[in-house]
Amino acid sequence: MTGVARRVTTLLVVMLFVSAVVFVAIHSLPGDPARLMAGPQAPRSVIDALHARLGLDEPLSAQYVHFLKRALSGDFGLSLRDGTPVGAAIAQRLPYSLLLGGLSYVLAIVIGVPGGTLAAVRVGQWPDHLLMAATLVGASLAGFWVALLGMEIFAVRLHWLPLMGAGDWRHYILPVMVLALMPAALILRMTRTGMRDVLRQDYIRTARAKGLPPAIVLTRHALRNAMVPVVTVICLNLGGLISGAVVTETVFDWPGIGRLLIDAVRYRDYPMIQGITLLSILGVLGANLVAEILIAWLDPRTRGN
Amino acid sequence: MRRSVFLCCITAGFAMKSAAAACAAGLTVMLAEPPRSMDPADQNATATHSILAPFYESLVQQDETGSIRPGLATRWSGSVDGRVWRFTLRPHVLFHDGAPCDPEAVAASLKRLIDPKAGLAGAGVFRGLIMDVAEDGQDVVITLARPYADILHLLAMTQAAVVSPIAARGGTLGRHADGTGPFRFGDWQDGDHVRALRFDRYWGAAPSLDWINWTWSPEPSVVNMALQTGDANVVMPISPVFADLYTPGRPASAEAVVYRAPGSALFWAALNTRLPPLNDPRVRRALSLSIDRRALVAGLLHGNGQPACFAITPETPGARGCGAAAGADIDQARTLLEQAGWHKGFSITAVVQEPEEPIAEALQAMWRSIGVRLVIRRQEAGVWVQSAFAPPDEKKRSETGVIISSWSAPFVADLQIRPLYAAASAAPAGANLGFYDNPIVDAEIEAAAGTLDPIGRAALYGTIQTRLADDAPMLPLYVQDDLFGVRRDIEGVTSLPDGEIVVTQAHRRPVR
Amino acid sequence: MIRIMRRHPALCLGAMLCGLALVLGAIGPVVIGGDPSAQDLYHVLQPPSWTHPCGTDAFGRDIFLRLIYGLRLTMYEVVVSTACAAGIGIPLGLFSAMAPSWLDRAIMGLSDMAFAFPGLVLALLIVSLLGPGLFHALLAIAAFSIPIYTRLARNLTHALRHATYIEALQVLGASRARILFRHMLRNIAAPVLVQITLGAGTVVLSAASLSFLGLGAQPPMPEWGTMMSDGRNVLGAAFWPCLFPGLAIALAVIGLNCLGDGLREALDARSEQS
């Protein structure tokens with residue numbers, strides 16, 4: 001447990017460091033949100049008044065101290081664009097992103113793990129070649145291109161699926177499939193590699209030699225160990241998933257945090273960019289922590305240290 | 001929320017009459033961008049105006065032809081010198097929160113708008129012009145700092161809408177609309193929708209809709225698809241490239257109709273008159289002459305607009321058309337450049353936002369024919385405003401020569417010219433982005449704004465326009481038509497010249 | 001030759017696609033000629049035909065011609081971005097492997113953290129900071145690819161450090177630099193080459209994503225991602241401005257991935273044989 005505690009402390013220190021870097025970076029972005037709000041007709045006096053109201057006239061260090069104090073009590077400031085609390089806006093959008101990301105990971109695992117196992121068992125035969133070719137193509141397509149073609153074909157021409165936005169289950173089909181494309185390919189390949197390595201191990205040969213049915217050998221002995229690289233991919237690819245979500249949410253007009261981020265960058269909504277960036281880093285670092293713990297649990301060899 | 005709409009449409013699809021009648025209750029409208037605020041005084045965006053219009057009313061309102069109609073005021077009169085305006089209020093009008101809309105509330109609302117301490121984003125044109133607002137019995141009296149012929153048009157703007165004094169004091173307006181309009185605020189879910197519900201204690205005729213659901217998407221193709229699939233009943237604007245899909249006989253025309261209304265947004269390229277070689281009027285005129293405005297309208301707007309060669313938009317009194325000047329005159333342009341000593345060509349830089357980027361790309365190709373190389377800097381909204389409104393020395397440092405954008409101030413010639421050409425509005429103070437400075441034009445702008453006689457005013461604006469076309473500090477390009485799409489089962493949707501969509505009077509076509 | 005093709009079909013397909021791209025990019029514009037920026041505003045969005053095999057775009061420009069010219073930009077993207085990422089990442093990884101263990105841990109910790117950072121978010125911040133433009137976008141892409149090369153180079157070198165022959169060289173008194181550059185670099189070259197090939201595919205995709213979000217190439221560059229991004233504005237009225245650049249990107253990335261995968265397999269097979 002002390003290992004976990006130490007890692008959590010490291011995570012907090014890293015977050016503090018990262019928050020300062022992100023704060024400075026975001027506030028040195030070119031652009032002026034006040035001018036944007038006031039519109040082109042506004043005279044200087046209106047802009048100055050807005051600057052004062054938004055707290056943008058203070059020195060950067062003072063703004064950071066303010067931010068840190070409030071952030072510790074869970075207050076990430078107000079959006080410059082529409083005055084909503086950043087925390088509330090993120091909390092409201094986050095479930096949409098989590099559901100989309102979660103479902104696409106589930107789909108990726110449902111395709112990737114059995115697919116990878118099949119490929120590993122049939123190495124060098126046609127199912128293996130077919131699956132490998134499919135993952136190669138899948139990992140080579142630009143997500144938004146697939147999304148746009150999917151929308152054109154399934155929503156506009158065939159009217160099978162709704163076009164965009166969030167709503168009932170049918171709204172999830174296209175975005176989940178698009179977002180699952182890359183992780184599915186990755187997981188399939190990792191499972192295949194991991195499975196191949198495991199199947200060559202002595203203890204699997206022993207299990208086979210004992211006369212255990214192949215299905216049992218596969219699921220009970222091999223799969224568990226082959227899962228190590230898969231868990232690693234899933235957790236470490238969270239950054240990739242977030243990147244994918246930004247694009248996918250933009251195309252599908254999905255009310256998640258990816259689109260919130262794009263809008264915030266466009267309008268120079270500093271507190272919002274900051275909140276989302278920090279949250280995504282926290283998420284990624286947290287996922288790494290979970291990955292380490294999970295791998296330790298899955299793989300007895302690493303348990304000793 | 002969306003699910004109920006969807007279920008509704010399914011039932012309507014099965015043509016059950018009673019169910020269809022129950023569904024006739026609402027309307028989903030898709031815009032290009034989300035609202036900036038629920039406070040009419042704290043925003044300056046057309047899409048936001050559309051969303052706020054059903055919630056709020058102003059003293060007077062402007063219809064699609066530009067005539068002023070009664071709003072919260074039933075009668076009004078201006079003093080002979082045009083500085084004092086008296087408005088008689090409509091009695092028994094209630095805000096959505098139940099407060100009465102009396103002269104006190106109207107005065108408080110307008111005072112809030114011009115209050116420097118409130119720091120409201122929409123205060124721009126009002127502060128400095130409105131000097132005092134007072135109540136007098138059932139009347140409200142507005143005193144102006146100087147005579148201003150178009151004050152009624154200004155008061156009809158969304159920014160001057162009357163807000164509930166209780167909500168204004170409570171500071172909740174930004175997130176929760178509270179006015180006197182036929183619809184009251186339902187909810188605003190970020191990134192998803194704003195919902196308006198019918199206000200049952202509205203003073204006027206009750207609308208037939210129970211609710212309006214506002215959604216938005218920045219993707220033009222998504223907006224078009226939403227109209228075709230029925231995800232939205234009304235879309236505004238629909239990109240010109242899709243307008244042809246809805247011509248009778250084509251498949252999409254069975255689903256929806258695209259309406260075209262003459263627009264008021266004038267697209268232009270402002271030239272930095274302080275940056276050589278653009279400080280030479282001959283060079284600026286050469287740039288203007290080498291633009292084929294007819295091709296811009298054909299290619300970028302797919303014919304849905306008009307070429308513009310002068311500063312005032314077509315619907316405004318005193319406007320002038322292009323005539324033969326709509327095409328390019330490359331030879332004349334070359335001659336001018338030669339006279340100015342720039343026949344070898346030069347290189348300039350344009351800053352542009354994403355939606356106007358195609359204009360820059362078209363100009364880039366056209367100017368290439370006279371040896372002018374245009375470097376395009378596409379910038380995000382927040383960055384663009386900063387570079388566009390930068391002062392002369394900063395623009396010189398960044399070598400910003402051309403700024404491409406649009407301007408919309410329907411029917412009000414003064415607001416189409418003063419902010420863009422008067423020396424006093426030179427950036428960063430105003431939108432004279434190229435720092436044009438001509439004392440003669442300045443004097444004429446003042447004279448025209450103070451001339452209450454419409455014919456004399458139109459003549460003055462005629463003179464100003466010719467002068468501006470010769471000096472060419474800004475190159476007018478075109479006026480784009482407002483295009484909006486409406487599903488076949490909806491009637492009664494109109495648009496205003498500032499690009500606002502009006503759906504409060506919309507209703508479902510009876511089921512046959 | 002045929003035997004190689006039978007044994008490594010992916011490698012061959014990849015080499016063919018990449019070779020074709022190189023040839024087309026090098027001589028295509030010279031052979032075909034024409035101006036990829038020439039507009040015809042009176043004939044915009046013409047569907048594919050014999051004169052315009054991929055149709056024309058929203059400015060009446062020939063899409064096929066632009067795709068061919070765009071190949072050079074794609075190569076430029078791959079070269080600049082990969083050179084930056086590998087040029088910083090690999091020396092850093094080598095250094096880390098040879099450095100004292102505390103420094104090694106610190107560098108690798110930082111690198112893992114940077115790797116975990118959502119790439120597009122990082123790129124978004126970098127491009128917003130520097131201003132939009134293809135070169136800045138490529139720098140941003142390079143920035144989030146560095147840790148991959150660092151980790152790879154470090155792990156490979158670290159494993160080699162205790163290999164018998166390296167230890168023997170040390171005993172024989174070979175200088176550190178000599179060991180590093182003569183022996184280690186040569187030994188890690190093959191896996192790094194595989195990573196560069198696979199990474200190149202990611203570069204093309206990432207550049208397209210950034211251009212799609214309006215942060216990449218500036219007009220009138222015939223950059224594929226920008227072309228596709230422009231095409232999405234007319235999707236529904238015309239599919240070709242979006243379809244063909246997307247196909248071009250997909251083919252290029254498939255080519256690079258096939259090549260990388262094939263190379264890896266071939267190398268694996270070789271090491272298994274030995």
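Glycine is treated like the rest: Cβ placed from N, Cα and C.
All TrEMBL annotations are machine predictions without curation.
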Message: In TrEMBL, one of C:133-152, C:153-172 is tagged transmembrane segment. Which stretch would that be?
response: C:133-152
Field: Range from C:73-95, C:107-127, C:188-217, C:237-260 with most C-beta pairs under 8 A to the transmembrane segment (C:133-152)
entry: C:73-95
Field: Beyond the flanks of the transmembrane segment (C:188-217) by at least 6 residues, Cβ under 8 Å
entry: 14, 73-74, 77-78, 81-82, 85-86, 90, 119-120, 123-124, 127-128, 132-134, 137-138, 140-141, 145, 148-149, 152-153, 156-157, 160, 223-226, 228-229, 232, 249, 252-253, 256-257, 259-261, 263-264, 267
Message: I need to check the long-range neighbours of the transmembrane segment (C:107-127): which residues 6 or more away from its ends have a CB within less than 8 Å of a CB in the stretch?
response: 92, 95-96, 99, 133, 136-137, 139-141, 143-144, 146-148, 150-151, 154, 206, 209-210, 213, 215
